[in-house]
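Peer 1: Take this structure first; my questions come after.
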Amino acid sequence: MAVYNYDVVVLGSGPAGEGAAMNAAKAGRKVAMVDDRRQVGGNCTHLGTIPSKALRHSVRQIMQFNTNPMFRAIGEPRWFSFPDVLKSAEKVIAKQVASRTGYYARNRVDVFVGTGSFADEQTVEVVCPNGVVEKLNAKHIIIATGSRPYRPADIDFHHPRVYDSDTILSLSHTPRKLIVYGAGVIGCEYASIFSGLGVLVELVDNRGQLLSFLDSEISQALSYHFSNNNITVRHNEEYERVEGLDNGVILHLKSGKKIKADALLWCNGRTGNTDKLGLENIGIKVNSRGQIEVDEAYRTTVPNIYGAGDVIGWPSLASAAHDQGRSAAGSIVDNGSWRFVNDVPTGIYTIPEISSIGKNEQELTQAKVPYEVGKAFFKSMARAQIAGEPQGMLKILFHRETLEILGVHCFGYQASEIVHIGQAIMNQPGEQNNLKYFVNTTFNYPTMAEAYRVAAYDGLNRLF
């Protein structure tokens, strides 16, 4: 058994692991990374964020081709199969792996391929693919092993027509009708993708409103758009059982309803990847979803062991995971890079996309904050008209008296990009966070960014 000594060992090479390893390495620490894949990037690169967003981009291009009058004049709408569209995503994955492999090489981070588990509080044993065991001793260890789809024991995920958000990327045909169980972020994104390919989608939601954490107006806009695009949303429903057929599936609901489709995509929750870490050897406990509890420094109950990313739960975003990993390493190297990541923009890549930051109307009303609203509808924006993307709006919530921006919510074309302008102003200290910034700033024309000026004027006109 080979033995190696490090300052920091990072378990997992997804966004959290990458952020942690890079920060520690740049602070002069000797760093090792352990991942069970031969290629770095974690689930984000191989099964989650990157392939699904690349897939979405390709589907959106197909939708534009099939609905744009100029292209329709050339010929009839084209049909593309799911496997064909997926090929473009595979190219992006390869490029991402190459980039990230280069990061670790340039920063002299040693990458170990294998399954890592704790022998004790300062030792990780790595079982390599060839069966060889290597021992890594470290002063500090960061757990960033991510998560995987939650799989109820009573559902047969080995059935060829039953998928989760990982295995859906191996779908070898294009279903005519698809059931998506779970209307969270992942479920809504895949419902949009398959709808864009002309698939009839049944989206089953166990709550009364889509993405209820969003501003209610944005949630309602998404529901309306879904209803116009071959997506039937069934609220307040729970599954009783899943019946697999030779040519499809039947979803039995507790309400007594039955839904038949060519395939089922299960998108109801995630489970932390902690079951193979040997946490029982060091006294770290996990919750019912396999997640680790950490403090504001991302430290677990064992002082030299930290956690970051999906493995610690909320908010389970790639963007937040990277910052959490970087902050966990910052707690170790004490280079001023630590911060508790609690206010990050939400990006939801439905078609159209959604993004938000800060408070929504429900929260401000409940807190009895005197706020006002400013809106800019994309159908009136020159850039949106040029792009043929009239759906959507930008919504700014601000304090009636101080004009402090309290929340930014966007639905439509480039929403995940637009939100960062509002985020930047909201993070300014004191009176610099002010709605009038958007009135007094010159925006390029035509751009989607100038929606901020339109929304600011709209909001100021509501004051009296």
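Using N, Cα and C of the backbone, Cβ positions are placed for all residues, glycine too.
Annotation comment: Swiss-Prot describes D35, D36, R37, R38, Q39, V40, G41, G42, N43, C44 as FAD binding site, evidence class sequence analysis.
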Peer 1: Quick one: what's DSSP say for Q39 (FAD binding site), helix, strand or coil?
Peer 2: coil
Peer 1: Within 10 Å of each Cβ, count the other Cβ atoms, then let me know which of the binding-site residues D35, R37, Q39, G41 comes out lowest.
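Peer 2: Lowest Cβ count within 10 Å among the binding-site residues (D35, R37, Q39, G41) is R37.
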Peer 1: Relative to the Cβ of N43 (FAD binding site), which residues of the same chain, six or more apart in sequence, are found under 8 Å away?
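Peer 2: Non-local contacts for N43 (FAD binding site): G14, G146, S147, R148, D166.
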